[in-house]
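Listed features, source TrEMBL:
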type	residues	note
TRANSMEM	109-128	transmembrane segment
TRANSMEM	134-155	transmembrane segment
TRANSMEM	206-227	transmembrane segment
TRANSMEM	233-254	transmembrane segment
TRANSMEM	266-288	transmembrane segment
TRANSMEM	314-344	transmembrane segment
TRANSMEM	356-375	transmembrane segment
């Protein structure tokens, strides 16, 4: 028998077997025995070599078909993991930014920005006053004021978490989008940055406005003896009215007139009008904001006007106050238009529907913005 074939990939030289033939006469052999080798036996190594080469090539093709380098697999896995991490980071960042936006109570931030810009334009006498110095002074007023605004509304949310779960469940702390630690960090950083800027900018009226806002915002919300003024309707309204109607108008007017434009202090008619008109508007906002929140306020012992006097009575009181303010300023065509919008809007309010009342409250803020746009053109 032939020895067994070696494994594929090798070629072995075979010794062709010999067959000894005995007693075969041959005239040319002279009676001698001879060895006859099969011709086919000499072709066998070539056949084996070709078969081995075929097996080798077939095995190689099989490997190429089914084998994927480990490095490529690791690369694809690593790239997929990086993409997932990037997507997760982007989603978390977007979620946190949206939560921060809601935490800042954007309607109050817009009111602060428009109020400061409007009042800062009152000392301007000519277009030549609108210099880079003026805009830098305006920016110095806006940035710390917005940060102080975030401190005030954020502090209120920190102490009102349980109430907000009833009245405003979509707020970040009440909904759980922000932890208490996150809320406290944002509030602390906002206060620190605001007061630091107020000191560094060396404008006494600007610093005074920030400091008064800090004091009133703190006593309004913090749960301490003689604090938590929001429990009492009159004290709560006085905090908002003092800041929105008096501090914003006077402090930022003086800041621009004396410490930015470098002029002596002169109280103008436009400033007096703005202060008087915003007293009405701020009082309305201070009182109306509690109308949608009567359920939570009543449950937690917050004695707002809406809790003690009823929603409907407070609603119409606020409407008539605004109409009176617009009537007193009827010399301005814009006030007639705004008063008309106000009256038309009241006809669609459903006092039994919290969403309807909240929508009307946000409409009052839009009237507030519009008034600040009109004030520079009043006198």
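Every residue, even glycine, has its Cβ placed from backbone N, Cα and C.
Highest Cβ pair count under 8 Å relative to the transmembrane segment (134-155), across stretches 109-128, 206-227, 233-254, 266-288, 314-344: 206-227. The stretches the transmembrane segment (233-254) and the transmembrane segment (314-344) are not in mutual contact, being linked by fewer than three Cβ pairs under 8 Å (pairs 6 or more apart in sequence). Same-chain residues lying 6 or more positions outside the transmembrane segment (206-227) and placing a CB less than 8 Å from one of its CB atoms are 140-141, 144-145, 148-149, 151-152, 155-156, 158-160, 191, 194-195, 198-199, 236, 239, 242-243, 247-248, 251-252, 255, 259.
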